[in-house]
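Q: Could you have a look at this structure, given as structure tokens, before my questions?
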Ligand code: NDP
């Protein structure tokens, strides 16, 4: 029987919800491109419930305990005396969400001889040291596509929020004011702007599709070029790399995974080549940008705005400079954890566990590391320093 250690974010400050704002979720059975949404044999939760917090338990307890497994759920993940560190040495499976990541460093993995499977309930497994996971013979899997559209919607919201100066204008209302000039002195239309995405995978392409009706000019860079039919349909300009693309753009959105190729990509140098007053939206991973370089670029006016929901570390400390830098539209890491997304990634986590315990293959599109190498989606989108 296995021990499953599940690290989730805390319940709401006022306690686990007893009612919700809406009664149901739309039924979505496939993603753009045709991949089906998760297909577990069964689920023990009601879609629309809060599943990503400790009391939500990703809806897994009944399923796991009915099979004799042990489920430990905690939000306590930092420091040598954390529940994560205390429970890890005999854990077989670790489940974590990028919003509240259980950083599975090489040191932690080395202390967990039984650890065979790390599941990301969501997308983005950079909180797992993939080289160490490969060395340890682990499988790493994530629920590919489960929240890609959720993030794309957040990117569109943040793009409009920054360009139109929404949050400061909303603050004027909250403060009881009515100074129109205060609101509009930094407000523009998105129409006609040059908008580029670093990476046009599931999220990046969904962002491009959603922004196209705003009559903007769309740009992208990616390791693999999109089909010509999509480039034509969306009138896309392809650039061989970010350095070639960003000088042309009024808005840049980052939608690439964090891996050795993308870490630190947006430092002083690249930011300095952007148009003065460009906007940067990063819902991918914080370490793709240089924290202090972004702060400097906002203060100097090189960037007119920065928004996103990804920080390092997470949770971000109270004195993180991004909390107080000017012209930002940051949220905590929430874009991929809407109640809609939670229903999909909880079901996907269950699907992965069902396959794992039955000894049947995990869907190839969910795999990041398997069989001692990058596999499935991981082989397509990530890089490691481990030779494959
Ligand atoms: P995909 O795997 O569908 O897309 C990632 C894309 O990035 C791929 O097209 C890949 O290229 C491309 N890419 C990889 N390396 C580079 C590079 N060096 N330069 C340019 N492009 C590159 O993933 P998603 O779109 O679903 O998610 C992307 C990332 O967004 C995740 O890895 C995660 O970090 C983040 N994310 C954030 C969430 C949030 O809540 N804020 C939730 C979900 C995801 P190719 O495959 O062509 O090689």
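Cβ atoms are placed via backbone N, Cα and C, with glycine included.
These came from TrEMBL, pasted as-is:
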BINDING   123, 147  substrate binding site
BINDING   148, 202-203, 222, 257-261, 283, 309, 333-336, 381  NAD(+) binding site
DOMAIN    62-363  domain 'D-isomer specific 2-hydroxyacid dehydrogenase catalytic'
DOMAIN    156-335  domain 'D-isomer specific 2-hydroxyacid dehydrogenase NAD-binding'
SITE      285  site 'Important for catalytic activity'
SITE      333  site 'Important for catalytic activity'
Q: Nearest to residue 123 (substrate binding site) in three-dimensional space, by Cα, is which of the binding-site residues 259, 261, 334, 336?
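A: Checked the binding-site residues 259, 261, 334, 336; minimum Cα distance to residue 123 (substrate binding site) goes to 336.
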Q: Pop the Cα-Cα gap between residue 147 (substrate binding site) and residue 334 (NAD(+) binding site) into the table, whole Å please.
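A: Cα to Cα, residue 334 (NAD(+) binding site) and residue 147 (substrate binding site) are separated by 11 Å.
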Q: Report the member of 257, 336 (the binding-site residues) whose C-beta atom has the most other C-beta atoms within 10 angstroms.
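A: Output for this query is 336.
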Q: Using residue 203 (NAD(+) binding site) as the reference point, find which of the recorded positions 147, 285, 333 has the shortest Cα-to-Cα distance to it.
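A: With Cα distances computed to residue 203 (NAD(+) binding site), the winner among 147, 285, 333 is 147.
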Q: Reported as an integer number of Å, what is the Cα distance between residue 285 (site 'Important for catalytic activity') and residue 333 (site 'Important for catalytic activity')?
A: 10
Q: Looking only at the domain 'D-isomer specific 2-hydroxyacid dehydrogenase catalytic' (62-363), report the model's average pLDDT.
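A: Looking only at the domain 'D-isomer specific 2-hydroxyacid dehydrogenase catalytic' (62-363), pLDDT averages out to 97.
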Q: Relative to the Cα of residue 147 (substrate binding site), which of the recorded positions 309, 333, 336 has the closest Cα?
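A: Sorting the recorded positions by distance from residue 147 (substrate binding site), the top entry is 336.
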